[in-house]
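Enquirer: Sharing a structure below in C-alpha cells format, with a few things to ask.
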Ligand code: AMP
Ligand code: MG
C-alpha cells in the first residue's frame with residue numbers, strides 16, 4: 001500500500017515491522033537497527049545475502065557517536081559538508097550496533113538522508129533506520145514508490161510515499177584507512193567533489209570489492225533484458241537484426257534507426273539530470289519487454305563515472 005501517512009509509518013516501525021521509505025538517492029526497505037526481527041525481515045524480503053551489510057540512517061550529526069567510534073577528522077569534515085545528503089561514511093562501529101547490520105564487519109556504514117519525509121520520519125523515532133535499497137537483490141533500484149510497490153506490494157505493510165527520488169542513484173560510500181581515503185562505491189556525489197574537500201582519494205579496485213561468493217560476479221542493478229554498454233551504438237544495432245531493441249542514450253537520438261524505443265537521459269547534456277533518470281529509464285525499458293538494451297558509454301568523469309559503473313554492472317552476464 002502506497003501512503004503518505006507518516007504516523008502509520010512510525011507506528012509500524014515501532015512495532016518492528018519494515019516499510020518502504022523514500023530518500024533522495026533511492027527508496028529503501030527500512031527497519032529499526034536494534035530489532036532482530038526487523039533486520040531479519042529486511043534480509044528475507046530483499047533476498048539479500050547475509051554477508052552484505054546495511055546502511056544505517058541517522059537523523060542528525062549529533063547521533064553519529066551513538067553508532068560509530070574513533071571518527072577521523074576528514075570524515076567529520078565530509079559529514080559537515082555533505083550531510084544531510086548522499087554520502088555514506090564507513091566508520092569503526094560502536095559496540096551497540098548489531099553484527100547483523102554490519103554483516104560481522106568492524107565498520108558501520110552511516111548517513112543522514114536529505115529528504116523531508118525521511119527526516120521527518122527519523123525525527124519521530126528514537127532509533128536509527130537500517131535500509132538497503134528496496135529492490136530484490138541484484139535488480140534495478142527503485143526511484144519511486146510505485147517501483148517499490150511493484151517489487152514488494154504484498155510483502156510490505158506500507159510504502160511511504162515521498163515522490164520521485166531527486167538524486168535517483170545510490171549514495172557514494174567513503175572509507176578511511178590510516179591516511180588514505182577510499183571510495184567503496186561510486187554514487188550521487190562525484191569523486192571530484194570529494195577530492196575538492198579532502199584531496200586525492202582512491203577508488204576501490206573492483207576485484208577487491210568482493211564480498212560476493214565466487215560465481216555471483218558483480219552483476220547488480222540489472223534489468224530483465226540483456227544490456228550492452230557500448231561506445232558505438234550504431235555498430236551494435238546492426239548485430240541484432242531481429243531483436244526488439246531499446247537505446248539508452250546520453251544527449252542525442254540516433255537518427256533513422258529502426259529500434260523499438262530511444263530514451264535520451266539529458267538532451268542538454270547535464271550529467272546530474274542523466275543520473276537522476278537512469279534507473280527510472282531502465283524500469284521503463286523493462287516494462288516494454290525489450291530484448292536488448294544498448295546503452296551508450298558516458299564520459300568517464302564526474303557523475304558519468306557513476307553511470308558507467310552502474311551500466312557495467314547491469315551488463316554483466318547472468
Ligand atoms: P544498498 O543498501 O543496497 O544501497 O547497499 C549498501 C551498500 O553498502 C552495499 O554495497 C554494502 O556492501 C555497503 N556497505 C554497508 N555497510 C558496509 C560496511 N560496514 N563495510 C563495507 N561496505 C558496507
Ligand atoms: Mg542496493
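The backbone N, Cα and C atoms fix where each Cβ goes, glycine too.
Checked TrEMBL, it gives:
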type    : residues                        : note
BINDING : 25, 57, 111, 131, 171           : L-threonine binding site
BINDING : 48, 52, 107, 133, 141, 185, 221 : ATP binding site
DOMAIN  : 3-189                           : domain 'YrdC-like'
Enquirer: May I ask which of the binding-site residues 48, 133, 141 is closest to residue 57 (L-threonine binding site) if we compare their C-alpha atoms?
Expert: 133
Enquirer: Of 25, 48, 133, listed as binding-site residues, which ones have a Cβ less than 6 Å away from ligand 2?
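Expert: Cβ < 6 Å from ligand 2, in sequence order: 133.
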Enquirer: Filter the binding-site residues 52, 107, 133, 171 down to those with CB closer than 6 A to an atom of ligand 1; keep them in sequence order.
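Expert: Correct list: 52, 107, 133.
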Enquirer: Translate the DSSP assignment of residue 185 (ATP binding site) into the three-state scheme.
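Expert: Once the DSSP labels are grouped into three classes, residue 185 (ATP binding site) ends up as strand.
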Enquirer: Relative to the Cα of residue 25 (L-threonine binding site), which of the binding-site residues 48, 52, 107, 133, 185 have a Cα no more than 10 Å away?
Expert: 133
Enquirer: Would you work out the biggest C-alpha to C-alpha distance among 25, 57, 111, 131, 171, the residues that bind L-threonine according to the record, and give it in angstrom as a whole number?
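Expert: The two farthest binding residues have Cα atoms 12 Å apart.
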Enquirer: If one measures from the C-alpha of residue 171 (L-threonine binding site) to the C-alpha of residue 185 (ATP binding site), what distance in angstrom results, rounded to a whole number?
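Expert: With distance taken Cα to Cα, residue 185 (ATP binding site) is 8 Å from residue 171 (L-threonine binding site).
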Enquirer: At the Cα level, what's the spacing in Å between residue 133 (ATP binding site) and residue 111 (L-threonine binding site), rounded?
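Expert: Answer for this pair: 14 Å between alpha carbons.
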Enquirer: May I ask which of the binding-site residues 48, 52, 141, 185 is closest to residue 111 (L-threonine binding site) if we compare their C-alpha atoms?
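Expert: Going through 48, 52, 141, 185 one by one, the closest to residue 111 (L-threonine binding site) is 185.
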Enquirer: With Cβ-Cβ distance below 8 Å and at least 6 positions apart along the chain, what are the contacts of residue 131 (L-threonine binding site)? List them in sequence order.
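Expert: When sequence neighbours closer than 6 are ignored, residue 131 (L-threonine binding site) has 21, 23, 28, 29, 30, 31, 42, 54, 55, 57 within Cβ distance under 8 Å.
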Enquirer: Using the structure shown, find which entry in 25, 52, 107, 133 (the binding-site residues) has the sparsest Cβ neighbourhood within 10 Å.
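Expert: Ranked by other Cβ atoms within 10 Å, the binding-site residues 25, 52, 107, 133 bottom out at 52.
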Enquirer: Name them in sequence order: residues not among 25, 57, 111, 131, 171 whose Cβ is within 8 Å of the mean position of the Cβ atoms defining the L-threonine site.
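Expert: Near the L-threonine site, beyond 25, 57, 111, 131, 171, sit 23, 28, 55, 86, 88, 113, 170.
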Enquirer: On a simple 10 Å Cβ count over all chains shown, which one of the binding-site residues 48, 57, 185 is most densely packed?
Expert: 57
Enquirer: Let me know the DSSP-derived helix, strand or coil state of residue 48 (ATP binding site), please.
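Expert: Where residue 48 (ATP binding site) sits, the three-state DSSP reduction gives coil.
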